[in-house]
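Accompanying notes for the structure given below.
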Amino acid sequence: MGELFRSEEMTLAQLFLQSEAAYCCVSELGELGKVQFRDLNPDVNVFQRKFVNEVRRCEEMDRKLRFVEKEIRKANIPIMDTGENPEVPFPRDMIDLEANFEKIENELKEINTNQEALKRNFLELTELKFILRKTQQFFDEMADPDLLEESSSLLEPSEMGRGTPLRLGFVAGVINRERIPTFERMLWRVCRGNVFLRQAEIENPLEDPVTGDYVHKSVFIIFFQGDQLKNRVKKICEGFRASLYPCPETPQERKEMASGVNTRIDDLQMVLNQTEDHRQRVLQAAAKNIRVWFIKVRKMKAIYHTLNLCNIDVTQKCLIAEVWCPVTDLDSIQFALRRGTEHSGSTVPSILNRMQTNQTPPTYNKTNKFTYGFQNIVDAYGIGTYREINPAPYTIITFPFLFAVMFGDFGHGILMTLFAVWMVLRESRILSQKNENEMFSTVFSGRYIILLMGVFSMYTGLIYNDCFSKSLNIFGSSWSVRPMFTYNWTEETLRGNPVLQLNPALPGVFGGPYPFGIDPIWNIATNKLTFLNSFKMKMSVILGIIHMLFGVSLSLFNHIYFKKPLNIYFGFIPEIIFMTSLFGYLVILIFYKWTAYDAHTSENAPSLLIHFINMFLFSYPESGYSMLYSGQKGIQCFLVVVALLCVPWMLLFKPLVLRRQYLRRKHLGTLNFGGIRVGNGPTEEDAEIIQHDQLSTHSEDADEPSEDEVFDFGDTMVHQAIHTIEYCLGCISNTASYLRLWALSLAHAQLSEVLWTMVIHIGLSVKSLAGGLVLFFFFTAFATLTVAILLIMEGLSAFLHALRLHWVEFQNKFYSGTGFKFLPFSFEHIREGKFEE
C-alpha cells in the first residue's frame with residue numbers, strides 16, 4: 001500500500017556537526033522541520049548543559065520583549081504583523097539585540113517612572129484644587145445661622161455660658177466616594193458626635209497614577225475642637241486612606257493658593273502631554289518590529305535548547321546528535337546541512353550517518369489542510385503503531401457518512417454546508433487574523449470535516465426525503481387512492497373510519513418504488529414511524545456489519561506487512577469466518593427479504609428477528625413456521641457450527657503453535673547473536689519461526705537487541721483467551737452499538753417535527769391581518785431553536801456517536817494505537833505565533 005495508508009518510513013540518523021557550524025545547521029533543520037532530536041544527555045541537569053548561558057540570555061531578551069509588548073497593548077497600539085519569516089540571527093548578533101532591548105526597556109521604565117510621578121503630582125494638585133473650591137463653599141455656608149445652631153453642640157455648656165468665642169479647628173481632604181458612609185459612622189462613634197463633617201462629590205472621576213483606573217472621589221472637611229479630637233480625626237483619616245491637604249483659614253489665602261495651583265496644573269499638563277507623546281513614539285517604533293524580534297529571539301532559544309540535546313566530542317570540536325527523520329526526506333536534510341555549513345563559513349562538511357536500531361521509530365503521517373482534521377480524530381484515540389494501517393484515509397468518507405446517517409436532514413445539511421463553505425472561502429483571512437477564541441479555533445480547524453458532514457447530510461436527507469421534517473414531492477408519489485374506491489371503498493367507508501390503510505396488492509394502488517429515497521406520501525401516513533423504524537434499523541445493521549468487516553479486512557494488511565503468518569492463520573481467518581457466518585448471513589437475509597417479497601406478497605413476509613433467534617436455538621417448529629428459502633435449516637445449522645468452531649480455533653491453536661515453536665528452538669539449541677547462528681543449524685521452517693519472533697518484537701527503550709525471552713505458555717493462553725472473548729462478545733455488542741445510527745436519526749427527525757409543529761405551524765395558522773408580524777416572530781424562534789438545538793446540540797451528539805463508532809467498533813479490529821508521535825524540531829509554531837514550548 002502507498003504511503004497514504006501507512007505512516008512514513010523513518011530512520012535513526014547520527015549527525016556530526018562542527019562546533020562553528022552546529023548553530024547554522026540546526027537553524028536550517030528548524031526551518032525544514034523534518035527531524036526529531038533525541039536527548040543524548042538525559043542524566044545531565046538542565047542547568048549543567050553546555051549552552052545553558054545562551055538559553056538564559058535568550059530568556060532574558062524574551063522577558064524584555066514581553067514587557068515591551070505589554071506596554072504596547074496597554075497603550076492600544078496595533079502590533080504590525082506582515083507575516084515575515086526573518087532569518088535566525090548569528091550568535092555574534094546576540095550582543096546587539098541585547099543592547100537594543102536593554103535600551104528600549106530602560107527608556108520605557110524611565111518614562112513610566114517619570115510619568116507616574118507626574119501623574120501623582122497632578123492628582124494631588126487636582127485634589128487640592130477641588131478642596132479649595134469646595135471648602136470655600138463650606139465656609140460660606142458656615143455664615144448661615146441655622147448651620148451655626150446645628151454646630152453648637154461642639155461647645156461645652158459651660159463654655160457657652162461664659163460666652164467664650166467659638167474657636168474650631170478643621171481638616172480637609174479627599175476620600176474614595178464608596179467609603180464615605182462608613183467613614184462618617186466611624187467619626188460619629190469615635191468622636192461621640194463632637195465633630196461636624198461636610199462632604200461634596202467631585203463630579204469627574206480622577207485617574208489613579210499607579211493602576212491607571214478612574215476613581216470617583218469626594219471632598220470632605222471636618223470641624224472639631226481640641227487637640228485630642230484632632231488626633232483622633234487624623235488617625236481615622238489615615239485608616240480610611242484619605243488624603244489630607246493644608247487649607248488656609250482666610251478666603252484671601254485660599255484664593256491665592258487656588259490661583260497658584262491652577263497655574264501649576266496647567267504647566268504639569270503640558271509636561272504630561274509631552275511625556276505621553278514621547279512614550280507613544282517609542283512604543284509605535286517598537287510595535288513595527290516586535291513580532292520580528294520575538295521570532296528571532298525564540299528561534300535562537302529553540303536552537304540552543306536543541307544543541308543542549310547533543311553530545312560534545314572529546315576534542316570539543318564536534319557535536320554529535322541523533323535524530324529521527326523520514327527516509328524520503330534524507331536528501332532535503334543533507335541539503336539543509338550543506339546550506340548551514342556554507343552560512344557558517346566552515347570548510348568541514350557536516351556528516352549524516354544512518355544507524356541500525358531495534359527501537360520503535362515515531363509515527364509520522366503526512367497531512368495537508370484537508371486531511372489534518374481527520375488525522376486528529378484518529379490520533380485522539382491513540383497514535384498509531386509504527387507503519388501500521390492508518391485509518392485516517394478511510395475516516396475521510398466513513399466518519400461524515402455515519403454522522404449524516406444520524407443527522408440526515410436536507411435542510412439542516414444545507415445550513416451546515418453553507419457555514420463550512422464560508423469558513424473554507426475565508427480561511428486565508430481568518431488565519432491571518434489569528435483568532436484567540438479557543439472554541440472558534442477548534443471549529444475552524446475542522447472546517448473540512450464540517451463541510452463533508454453537511455454534504456453527506458444533504459445526501460442522507462434526500463434518501464430519507466426529510467427537509468425540516470417535511471418531505472419533498474419531486475417525482476410525485478407512487479401511491480394512488482383512486483383504485484381503492486374502484487374496488488371496495490365507499491363514502492360510508494370514509495365516514496366510518498378515521499384511519500384507512502391502502503392495499504398495495506390491488507392493481508394501481510402502488511406504482512413501484514420511488515425513483516430516489518423514500519416516497520413523500522409516508523410523511524402524512526399514521527404508520528410512518530413503523531415503516532421508517534424498520535427501514536433505518538435494518539440499514540444500521542447493514543452499515544455496521546460492513547464497517548466492521550472492513551476493519552477486520554484491514555488487519556490482514558497489517559499481518560502481511562509485519563510478516564506475522566500466525567496472526568493470519570489463527571486470527572484473521574477465524575475472525576472473518578465467525579463474523580460472516582453469523583452477522584454477514586443476517587445482512588444477506590435482509591437483502592433477500594427485500595428482494596423476495598414485494599408489495600403484493602408482503603403479507604406473507606416472515607419476521608427476520610424470529611428466524612435469527614431460532615437459528616441460534618436450532619428451533620424449527622413444524623407448524624406455523626415458514627422458511628425463507630429451501631434448505632434454510634441445513635445452511636443455518638452449518639453456519640452456527642462453523643462459527644462455534646472458530647472460537648477454539650482463535651483460542652487454542654496460536655498458543656499451542658507458539659509453544660511448539662519454543663520447544664523446537666530450545667531442543668535445537670539455536671541462538672541468534674546479531675544474525676550469526678551458533679549450534680545446530682535450524683531447518684528452513686525453524687528459520688522462518690525465528691524471523692517471525694524477531695519481527696514481532698518492538699522495543700522503544702532498549703538500545704541493544706534483547707535476547708530471546710522465556711516463553712510463558714500460561715500468560716500467552718490468558719492473553720489469547722481475553723482476545724477471543726473480547727472479539728466474540730464484541731461482534732454482538734458492536735453490532736448492537738450500530739443501532740445508535742437508527743436511534744439518533746429517529747431522535748433528530750422527531751425533534752425537527754416537534755419544532756415545526758409547535759412553532760412554525762402555529763405562526764402559519766394565524767389568518768388575521770397581523771399574521772405576517774406573528775409569523776415573523778415565530779420564524780425567528782424557529783430559526784433560533786433550529787440552530788441551537790438541531791444544528792449545534794444534535795450535531796454535537798451525532799459527532800460524538802460517530803467518534804465512538806470509529807474508535808471502538810471500527811478501529812479496534814485492526815488498529816492498536818500504541819505508538820508515539822513524530823515531533824520534529826521546527827520553527828513553524830514560532831512563525832505562527834504559538835510560542836508555548
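Every residue, even glycine, has its Cβ placed from backbone N, Cα and C.
According to Swiss-Prot, the topological domain 'Cytoplasmic' annotation covers 1-388 (among others).
In the three-state DSSP scheme, Thr250 (phosphothreonine) is classed as coil. Sequence annotations record features per position, and here Swiss-Prot assigns phosphothreonine to Thr250 (among others).
For the recorded site, Thr360 (phosphothreonine), the DSSP three-state label reads coil. The annotation phosphothreonine is assigned in Swiss-Prot to Thr360 (among others).
Sequence-distant contacts of Tyr364 (phosphotyrosine), defined as residues of its own chain at least six apart whose C-beta falls under 8 angstroms from its C-beta, comprise Ser7, Glu8, Met10, Pro326, Lys821, Phe822. Swiss-Prot lists Tyr364 with the feature phosphotyrosine.
Residues or ranges marked as transmembrane segment in Swiss-Prot (evidence: sequence analysis): 389-407 (among others).
Here Swiss-Prot flags 410-426 (among others) as transmembrane segment. Outside the transmembrane segment (410-426) by six or more residues, the chain places 404, 443-444, 447-448, 450-451, 453-462, 466-468, 472, 752, 786-787, 790-791, 795 with a CB less than 8 A from a CB of the stretch.
In terms of DSSP secondary structure, the topological domain 'Cytoplasmic' (427-441) contains 11 helix, 0 strand, 4 coil. Summarising the annotation, Swiss-Prot assigns topological domain 'Cytoplasmic' to 427-441 (among others) and lists sequence analysis as the type of evidence.
Under 8 Å from some Cβ of the transmembrane segment (442-471) lie the Cβ atoms of residues 369-370, 372-374, 376-377, 396, 399-401, 403-405, 407-421, 423-424, 427, 430, 435, 514, 516-520, 522-523, 532, 745, 749, 752-753, 755-756, 786, 795, 799, all in the same chain and six or more residues away from its ends. The transmembrane segment annotation in Swiss-Prot covers 442-471 (among others) and rests on sequence analysis.
For 472-534 (among others), the entry in Swiss-Prot reads topological domain 'Vacuolar'.
The N-linked glycosylation site annotation in Swiss-Prot covers Asn488 and is backed by experimental evidence. In the shown protein chains, 9 other C-beta atoms lie within 10 A of the C-beta of Asn488 (N-linked glycosylation site).
Annotation source Swiss-Prot lists transmembrane segment at 535-554 (among others).
The feature topological domain 'Cytoplasmic' is assigned by Swiss-Prot to 555-572 (among others), with sequence analysis given as support. Per-class residue totals from DSSP over the topological domain 'Cytoplasmic' (555-572), listed helix then strand then coil: 15 helix, 0 strand, 3 coil.
Under 8 Å from some Cβ of the transmembrane segment (573-593) lie the Cβ atoms of residues 538, 541-542, 545-546, 548-549, 552-553, 555, 605-606, 608, 611-612, 628-629, 636, 639-640, 642-643, 646-647, 649-650, 727-728, 731, 735, all in the same chain and six or more residues away from its ends. Summarising the annotation, Swiss-Prot assigns transmembrane segment to 573-593 (among others) and lists sequence analysis as the type of evidence.
Outside the topological domain 'Vacuolar' (594-638), and at least 6 residues removed from its termini, the chain residues within Cβ reach (under 8 Å) are 504-505, 510, 585-586. Feature annotation from Swiss-Prot assigns topological domain 'Vacuolar' to 594-638 (among others).
According to Swiss-Prot, the transmembrane segment annotation covers 639-658 (among others).
Each residue in the topological domain 'Cytoplasmic' (659-724) has a pLDDT score, and their mean in this model is 60. If you look up Swiss-Prot, you'll see 659-724 (among others) marked as topological domain 'Cytoplasmic', on the strength of sequence analysis.
Thr360 (phosphothreonine) has a Cβ environment of 19 other Cβ atoms inside 10 Å. Remote same-chain partners of the topological domain 'Vacuolar' (750-770), defined as residues 6 or more beyond its termini with a Cβ less than 8 Å from a stretch Cβ, comprise 409, 412, 466, 468-470, 777-779, 781-782, 785-786, 789-790, 794. The highest tally of CB pairs under 8 A with the transmembrane segment (535-554), across 389-407, 639-658, 771-809, is held by 389-407. Residues 81, 83, 369, 447, 832-833 of the same chain sit 6 or more residues outside the topological domain 'Cytoplasmic' (427-441) yet have a Cβ under 8 Å from a Cβ within it. Within the chain carrying the topological domain 'Cytoplasmic' (810-837), a Cβ under 8 angstroms from the stretch's Cβ atoms is held by residues 7-8, 10, 26, 29-37, 81, 85, 291, 294-295, 298-299, 302, 305-306, 324-325, 360, 362-364, 378-379, 381-386, 388-389, 391, 398, 434, 547-548, 550-552, 554-555, 558, 700, 730, all 6 or more beyond its ends. Here Asn488 (N-linked glycosylation site) is positioned 77 angstrom away from Thr360 (phosphothreonine), judged by their C-alpha atoms. Residue counts for the topological domain 'Cytoplasmic' (810-837) by DSSP state, with H, G and I taken as helix and E and B as strand, are 8 helix, 1 strand, 19 coil. Residues 377-378, 381, 391, 395, 398-399, 402-403, 406-407, 409, 412, 415-416, 453, 468, 544, 547-548, 551, 734, 737-738, 740-741, 744, 747-748, 751-752, 755-756, 759-760, 762-764 of the same chain, all 6+ positions outside the transmembrane segment (771-809), place their C-beta atoms under 8 angstroms from a C-beta of that stretch. A gap of 116 Å separates the Cα atoms of Asn488 (N-linked glycosylation site) and Thr250 (phosphothreonine).
Note on Thr250 (phosphothreonine): other Cβ atoms within 10 Å of its Cβ, all shown chains, come to 9.
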